[in-house]
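Enquirer: Pulled from Swiss-Prot, these are the listed features:
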SIGNAL    1-21  signal peptide
MOD_RES   26  citrulline
DISULFID  30-57  disulfide bond
DISULFID  32-74  disulfide bond
């Protein structure tokens, strides 16, 4: 076999093996697709989840579970109303902690 052909063949094989594990398309898997825009009363919220940005979802997600019907609502983390709600919840928790 020609030495230059052997080198080309080796380079082709090496390049093919290097791309084997690279995903072709990255899927985004966020829990929240749409945001609840109406204001919420803090007392109506049973549980508040804050999911930080990750590789699977590039933005912060805030999910409120309502006390009355266990409905989950996605909240807009950029909204001023939600920022003040998070601040109020944080202050309430700090008062409870000994």
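Positions of Cβ are set from backbone N, Cα and C atoms, glycine also.
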Enquirer: In sequence order, which residues at least six apart in the same chain have a CB under 8 Å from the CB of residue 74 (disulfide bond)?
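Expert: The list for residue 74 (disulfide bond) reads 31, 32, 33, 34, 35, 36, 61, 62, 63, given in order along the sequence.
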Enquirer: Using a 10 Å radius around each Cβ and counting other Cβ atoms from all shown chains, which of the disulfide-bonded residues 30, 32, 57 yields the largest count?
Expert: 32
